[in-house]
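This report concerns only the one structure given below.
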């Protein structure tokens, strides 16, 4: 008799008697799992299966003993009937299994008869099923291809956006919680899928979708993967995400898994250490520090030496010296408070820092230039019986180099040789840089040649520093020899980067001709990239070679367009960037080529780039003064649309331009808006602004601006009140001059016209020749003193000539009557008379 019949007999006997022997509970997997978790053992499927098997055998043995005791008694008629029915059921079950085993995996047809239905079903139902299954279109293996072709034609006719409803985020579930559709590259239940394939698919989907942990689709995707997130699986997932740089998703995966109730007791120190490594490679020190602090709160996750090394390297690269010293203290002492899962009383996780941790401290001291920390690190290493290696000395020398302690750089190099530490290429790079900054070029060359004699394989960085050093001192021909040596090495960076650095080094040294020569020689070794083009535009700008810069800019733009066309939509290596446009704008502004400036600015905006107001606000101000005020207005609106606040210089220039255009209401509105900005403009700054722009803004304009301000509703803020005080002060000083008659004369030539109202003429400054302007910001033109004489544009020609002659012939008794006085003497006499009599003679920006 089988065990199943035994169980049935026993249960039926218990049910019929209503008592007897005590019931024996069957083994439950959930009960076994909970019992293991209480004892601190992780319940893997294999352990649960083994324990359940033992419990089942134990259960069967106990059940047989109970049944044997019960069968000693004579069975009743009802018990015999139950036993007969159980035996009949077992017989039918065996026969059905034999039949299904024979036809399993074979064709559906057997001798022309379709085998359908179940043995216990009626023949009428089987007949209906046979009629519904037999079809001329179905052959037993494939679907009819015509319908799939029609579906494909429908999808081709529809746009890609319209067909997204077929491939949306809904994922059909199979019996095994796996994605079944091959269209979505999911898993099929009908084929076996290994864990590596599931992990690879999950990593690809996480990278492609970029879900966050707060998104419900993230949790759904994790569950649909069908993975049991063990320690090994999580290590592979986090490592795969780290290779692609998706540190944020890796952090979300670990957080989601260990927040799940099924895995919250399975946290692994190795998974968190791998996560620290991923965050370190992504340069995320703050997030890595948070994960590290989380590890220190749990005994099972408490950091070991690999975790300390990982966090130390990450913080060292970020320059976090204070945090690194705190970590060293944590290593040497026990936790100050009780942490989770700490069951051992004498548990001591304290460790001593190794050389990797100390090197990380030195690396952190480089950007902060804390050169005094080098001696502390070397002292701590001696106390810990650690011998400094080449990396230790190299980092210590770099700290001294950044701090300007060149003598200590050479002392450390000598100590390094005495202690037997082998110098590396990075060490020689620091030496070359130190000699360069000291101005000892020959010593730098000698160090590199000594490195080659000692058999140390040089790196590109060593020869690059030496080449830049030679270029900075005007020895670019010798630097080209270092380029030949770079070409024989495995380049960590493209060769174009070396040429770009050499050009900039020549520019820093003041050797402009060498920059052009290197640029010509570069074409024999490699093609210039956009970085080199930007460097040459900078060279031309500093050398006042606008035509050369314009030619290079246009040629680069043309070649970039050709390369874009040949790359089938890919971005060209000569595609203009924001630095190219800004460099060309600077070159145009330096040459006062404002028409080309406007052309470059418009093209830059059409390409999607925007000027950085923190660096190039002065360009917009200069263009506005030169007459291109509409560019300033466009940039002003663009900055506001981007959610940023314009700089004070842009605000004040907008106020000046709107005042020049007699748009006083808008000027007051701009000043009101400045009151809400995170800066203030003092009264002296407003006064200096109006005085600097006196050639554009007359006293009449200031008076009208003051009247508009007083009649408008303004904000009671410091900037607005200072603006009002400045206007009142300027207007009162002008009125006092008029009342005392200092600005007038007996013939009325200077009556109420000390400052010519420039607004009655061309506002944009485009009526005359723009080449006449040598310095638009100062308002000095290339004309003679006739342009600077007051009242000339308000009088007719005869009056202008008389006024000018009066100025030139004043104090004529002091001049030589043999010829006209020199210009310097006339200008000096003019200044003396203005100082004595208080005559105000402004310069005129607008050419007549």
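Every residue gets a Cβ built from N, Cα and C, even glycine.
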Among 735-786, 787-838, find the range that TrEMBL records as region 'Disordered'.
735-786
What counts of helix, strand and coil residues does DSSP assign across the repeat 'PPR' (389-423)?
26 helix, 0 strand, 9 coil
For the repeat 'PPR' (268-298), what are the same-chain contacts with Cβ under 8 Å, counting residues 6+ beyond its ends?
231, 234-235, 238-239, 241-242, 245, 247, 250-251, 254, 304, 306-307, 310-311, 313-315, 317-318, 320, 323, 327, 330, 335, 339-341
Predicted model, mean pLDDT over the repeat 'PPR' (577-611):
92
